[in-house]
Amino acid sequence: MGNCCGSKPLTASDIVSDQKQETILGKPLEDIKKHYSFGDELGKGNFGTTYLCKENSTGKSYACKSIPKRTLSSEEEKEAVKTEIQIMDHVSGQPNIVQIKGSYEDNNSIHIVMELCGGGELFDKIDALVKSHSYYSEKDAAGIFRSIVNAVKICHSLDVVHRDLKPENFLFSSKDENAMLKAIDFGCSVYIKEGKTFERVVGSKYYIAPEVLEGSYGKEIDIWSAGVILYILLSGVPPFQTGIESIIVSTLCIVDAEIKECRLDFESQPWPLISFKAKHLIGKMLTKKPKERISAADVLEHPWMKSEAPDKPIDNVVLSRMKQFRAMNKLKKLALKVIAEGLSEEEIKGLKTMFENMDMDKSGSITYEELKMGLNRHGSKLSETEVKQLMEAADVDGNGTIDYIEFISATMHRHRLERDEHLYKAFQYFDKDGSGHITKEEVEIAMKEHGMGDEANAKDLISEFDKNNDGKIDYEEFCTMMRNGILQPQGKLVGIHI
């Protein structure tokens with residue numbers, strides 16, 4: 001608007017920046033702020049930040065994912081961003097998939113403008129369902145899951161494999177009761193090629209298919225990940241609980257016997273009360289052999305999905321577990337960091353030296369590039385994606401670097417959690433007033449200090465681990481959470497060892 005008449009002449013620097021500078025997206029550089037005004041930060045990852053933005057010409061709100069170009073240090077990373085945008089364009093316009101508005105590149109960043117999905121995550125919706133009609137049923141779960149599988153079906157029909165399906169990558173379009181659930185993140189997605197399999201380890205812990213760990217896979221991995229989501233929707237916990245303790249800065253080569261053998265627990269609560277047809281569908285989706293796995297189209301035709309899911313309430317323990325599963329990562333990461341701060345030089349042995357060797361510029365923190373080079377020196381053959389996942393796992397405060405304490409907390413041996421003196425020090429950190437109990441306010445303060453949570457998370461954590469219902473967590477309850485929580489490691493590691 002108003003750019004055709006009366007605009008000021010181009011300067012020499014404009015001409016250089018717009019015409020001569022090599023671009024990543026292959027189109028002229030453009031100032032996105034000519035078209036959009038930026039507002040609050042909506043979310044942040046290690047390699048990009050999503051902002052609320054408003055289109056100047058219409059006043060309509062969108063989400064904008066901005067990726068600093070300095071984080072795209074390799075051709076592989078640049079191609080990945082281009083592929084993400086191409087795939088979003090390719091699948092845009094379909095139900096249950098976020099709509100892309102446009103992409104821009106300036107001197108500093110690449111910007112992806114997309115539909116704003118302001119209705120919250122899956123678990124938020126389930127909370128709302130419980131509050132609106134006092135219970136959550138298999139029928140509710142089937143309605144939610146239908147949208148997830150439909151997104152997978154669309155991707156596969158358009159020759160796209162998502163590769164990173166998880167609850168966090170789905171958002172509701174609005175707060176309306178009938179809002180549509182949409183897949184929002186295609187950063188790991190690739191095109192399917194006839195007869196070609198993929199080798200690179202991608203995806204997120206809990207949702208990764210066994211063939212990904214074995215190094216040869218196809219689109220069937222999306223069915224596995226969706227099956228894990230359904231298991232969580234019906235029980236509140238994932239079927240294969242490989243947590244943050246299994247991903248340390250020494251390796252990302254996880255070999256988890258439980259995943260590879262596909263052992264499913266249908267005996268513990270609430271499974272005896274869940275319908276046979278629901279368990280039958282999960283079994284079809286979490287079949288070890290990819291070629292025997294049910295397709296997305298057939299999932300949608302399964303009897304449980306076609307209005308046969310019971311409408312009776314699921315045990316309240318399921319909702320309780322979901323809240324725990326969502327909030328536990330943050331508190332346990334923070335507690336591990338507190339324990340790491342209290343370890344002696346003797347206890348951490350060679351970890352300090354390893355950190356110093358990786359911290360090439362002696363800044364006191366390890367950048368992505370330093371982590372990548374350090375792992376290479378130790379003989380690691382990790383891909384760019386795998387190094388990124390390590391970075392995300394170890395970077396507790398989400399500032400894009402790993403400081404010394406974060407490094408120690410990610411690499412220290414987990415038997416430290418068995419020692420009472422370490423657990424007590426961590427407990428004392430949260431117990432600010434020395435009362436012998438941790439309150440919601442104390443959890444909230446600790447998590448806010450590290451930029452790791454909000455009041456809702458703190459309240460959920462207190463309620464889930466407060467076994468005697470006094471509104472506080474005592475020391476015994478804290479130890480139980482740390483030692484026996486859902487993030488207890490169950491796999492083993494191969495690769496580099498410290």
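Cβ coordinates are placed from backbone N, Cα and C, and glycine is handled just like the others.
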In Swiss-Prot, which of 154-184, 185-215, 309-339 is tagged region 'Autoinhibitory domain'?
309-339
Can you tell which of the binding-site residues (D359, D470) has the fewest other C-beta atoms within 10 angstroms of its C-beta?
D470
Could you put numbers on the helix, strand and coil content of the domain 'EF-hand 3' (418-453), residue by residue per DSSP?
22 helix, 2 strand, 12 coil
What average pLDDT is reported by the model for the domain 'EF-hand 1' (346-381)?
75
Of the binding-site residues listed as D395, N399, D431, E477, the one whose CA lies nearest the CA of T50 (ATP binding site)
N399
Write down the Cα-Cα distance for G48 (ATP binding site) and N468 (Ca(2+) 4 binding site), rounded and given in Å.
42
